[in-house]
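Visitor: What Swiss-Prot lists as domain 'ATP-grasp' is 104-287, and the listing cites sequence analysis. Taken from Swiss-Prot, the feature ATP binding site applies to Lys141, Glu178, Tyr179, Asp187, Arg211, Ser212, Asn213. Swiss-Prot lists Asp248, Glu260 with the feature Mn(2+) 1 binding site, giving sequence analysis as the kind of evidence. The Mg(2+) 1 binding site feature in Swiss-Prot is assigned to Asp248, Glu260. According to Swiss-Prot, the feature Mn(2+) 2 binding site maps to Glu260, Asn262. Positions annotated as Mg(2+) 2 binding site by Swiss-Prot, on the basis of sequence analysis: Glu260, Asn262.
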Amino acid sequence: MKIAILSREPRNYSTRRLVEVAQARGHQVEVLDTLRCYMNIASHSPSIHYEGRELESYDAVIPRIGASITFYGTAVLRQFEMMNTMALNSSVAISRSRDKLRAMQLLSRHGIGLPITGYAHSTHDVPDLITMVGGAPLVVKLLEGTQGIGVVLCETHKAAESVIEAFIQTNNNILVQEYIREANGADIRCLVVNGKVVAAMRRQAQPGEFRSNLHRGGTAEAIKISPEERATAVQAAKIMGLDVAGVDILRSARGPLVLEVNSSPGLQGVEAASGKDVAGKIIEFLELKASRKNKPAE
């Protein structure tokens, strides 16, 4: 196959691994800087241009779109889809998962376990919002935040009021969530590919920190997940419409709780911790998806 990878970082571990595996399996791969792609949105002949040239057709596209460029990145991916290029994850599914509030509402609607979560517009509702999630300590999350940025643990009622009001008054959209004390600063990242958990790791926050993101100094180790955790991860990815996803789960007294469903999960931490060839599983699935698309109707 001829595969395009949309990535702003060609030297990034995840991008390099996908290129290496795809080439080793005989595919032709080109890494395209998402923000350098530009589009001709014509009725009968839509096209994508890159560095002054019109791109030829690709059999498949792998989107590695960072959260900060979701709007433009999904627009580029839609253009590939308009040109009948098969996407590893669809633009619709990526947009759905990137809207954290919408994602939480969809997961809630389907009965997926979640931390108690509140959302409000007015500072007048802050006291009730704090009560709604069980009081302090609680967690405040910027809807646009990634990699643990914009996530604040408020340990007292007064601190919670101050932080929430400050965010609202500066026109930031936030979620307010209960703090799951029994998780002890750890979460589980499950890598789901084609409806199966192909690898999992436990991420532990460093001492004095509650955010377990590896970008924030957290550590990772292999973990054996329970059947309930496995089913939760698979179902969460399915609800988002993602064929490849990183599902973040907290272990709580009432069972697994989903924190987030990531449409462009990093591979370095989970491959190192689990010893699994996740990039290989992704390319194998891409081949399977292509064969299904090209299979003639009986």
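Along the chain as shown, the residues are counted starting at 1.
Cβ from N, Cα, C; glycine included.
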Visitor: Checking the contact step here: among the binding-site residues Lys141, Glu178, Tyr179, which have a Cα within 10 Å of the Cα of Asp248 (Mn(2+) 1 binding site)?
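Guide: Those close enough: none at all.
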Visitor: Reported as an integer number of Å, what is the Cα distance between Asp187 (ATP binding site) and Asn262 (Mn(2+) 2 binding site)?
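Guide: Cα to Cα, Asp187 (ATP binding site) and Asn262 (Mn(2+) 2 binding site) are separated by 14 Å.
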Visitor: Using DSSP with the three-state reduction, classify Tyr179 (ATP binding site) as helix, strand or coil.
Guide: coil
Visitor: Looking at the binding-site residues listed here (Lys141, Glu178, Tyr179), whose Cα lies nearest to that of Glu260 (Mn(2+) 1 binding site)?
Guide: Lys141
Visitor: Which one is closest to Asn262 (Mn(2+) 2 binding site) in space, judged by CA to CA distance, out of the binding-site residues Lys141, Glu178, Tyr179?
Guide: Lys141
Visitor: Within 10 Å of the Cβ of Tyr179 (ATP binding site), how many other Cβ atoms are there?
Guide: 18
Visitor: Please list residues from the chain of Lys141 (ATP binding site) whose Cβ is under 8 angstroms from its Cβ, counting only those at least six apart in sequence.
Guide: Lys100, Gly150, Val151, Val152, Ile174, Leu175, Val176, Gln177
